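Trainee: Submitted below is the structure of interest, expressed as structure tokens.
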Amino acid sequence: MTTRTPLMAGNWKMNLNHLEAIAHVQKLSFALADKDYDAVEVAVLPPFVDLRSVQTLVDGDKLKIKYGAQDISAHDSGAYTGEISGSMLAKLKCTYVAVGHSERRQYHGEDDATCNAKVKAAYRHGLTPILCVGEGLDVRKAGEQVPYTLAQLDGGLADVPAEQVESIVIAYEPVWAIGTGEVATPEDAQEVCGAIRGRLAELYSQELADTVRIQYGGSVKSGNIAAIMAQPDVDGALIGGAALDADEFVKIVRFRDQ
Ligand SMILES: O=C[C@H](O)COP(=O)(O)O
């Protein structure tokens, strides 16, 4: 059986300026010990303008925490005002980049084709995409969460070869659970995360599917993370609000103690 190292990633969204980012990462680094990093991969996704400060801190203090961006341009360079390219993120030694977060889909009109282009852009620059998928409340009420989410997965991965997809992270985030305090039940999370793994096996191979990490996201806190992580197809979490509280984030990283 494949052992997948859990990935706990804090998506700060549009919070924490670069000075606050430094203080926050310092606080995390003081609290986290080698044994935490041995058990769990820990990452933060700050706003673009914080990344250089985070890089300087991580490099200078040789921290084990990883970091990445919340978005990436589908284009590599040129006249795309406001965009940030994969090569810029790679130069900042980002490991991860979130693609297709529901807030990008909802507020910035990103569709599956855009997400697919961004996944490919990430791989062109050696970045690992965290492809976000998940249904809204209307879809959930109609009981269509699995086919809806798998269609997003298919769209995001179109024409992406196995040798790239084997490193991808998929984040299942039911939109109705994001920032609402309404967490999916562990069984809800498992249903869709298991279906995602099944689809990866169909699209690629069982071996690849067993390697890919699938996160749950949506109102994760220290009080609910252990039950979610007990599900066989959940390999970590994409954490929003609770990641802004360093003590709470550390407790989530230490989910086995909760
Ligand atoms: O990227 C993180 C998710 O959108 C979850 O956010 P939340 O933990 O604040 O519900």
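Every residue, even glycine, has its Cβ placed from backbone N, Cα and C.
Curation does not apply to TrEMBL; its annotations are automatic.
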Trainee: May I ask you to find which of Ser53, Ser205, Ser219, Ser222 TrEMBL records for the substrate site already listed with Asn11, Trp12, Lys13, Gly179, Gly240, Gly241?
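Mentor: Same substrate site in TrEMBL: Ser219.
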Trainee: Which residues of the same chain, at least 6 positions away in sequence, have a Cβ lying under 8 Å from the Cβ of Ser219 (substrate binding site)?
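Mentor: In sequence order, the residues whose Cβ lies under 8 Å from that of Ser219 (substrate binding site) (at least 6 apart) are Ala177, Ile178, Gly179, Thr180, Gly181, Glu182, Val183, Gly241.
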Trainee: When you look at Asn11, Trp12, Lys13, Gly179, Ser219, Gly240, Gly241, which the record names as binding substrate, what is the longest CA to CA distance in angstrom?
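Mentor: Max Cα-Cα spread across the substrate binders: 14 Å.
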Trainee: Taking the centroid of the Cβ atoms of Asn11, Trp12, Lys13, Gly179, Ser219, Gly240, Gly241 (substrate site), which other same-chain residues have Cβ within 8 Å of it?
Mentor: Ile178, Ile239, Ala242, Ala243, Leu244
Trainee: Considering the recorded positions Lys13, His101, which residue's Cβ sits among the greatest number of other Cβ atoms within 10 Å?
Mentor: His101
Trainee: Identify which of the following recorded positions, namely Asn11, Trp12, Glu173, Gly240, Gly241, place a Cβ less than 6 Å away from any atom of ligand 1, and list them by sequence position.
Mentor: Asn11, Glu173, Gly240, Gly241
Trainee: Does anything in the same chain, at least 6 positions from Gly240 (substrate binding site), have a Cβ under 8 Å from its Cβ, and if so what?
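Mentor: In sequence order, the residues whose Cβ lies under 8 Å from that of Gly240 (substrate binding site) (at least 6 apart) are Gly10, Asn11, Lys13, Ile178, Gly179, Gly217, Val220.
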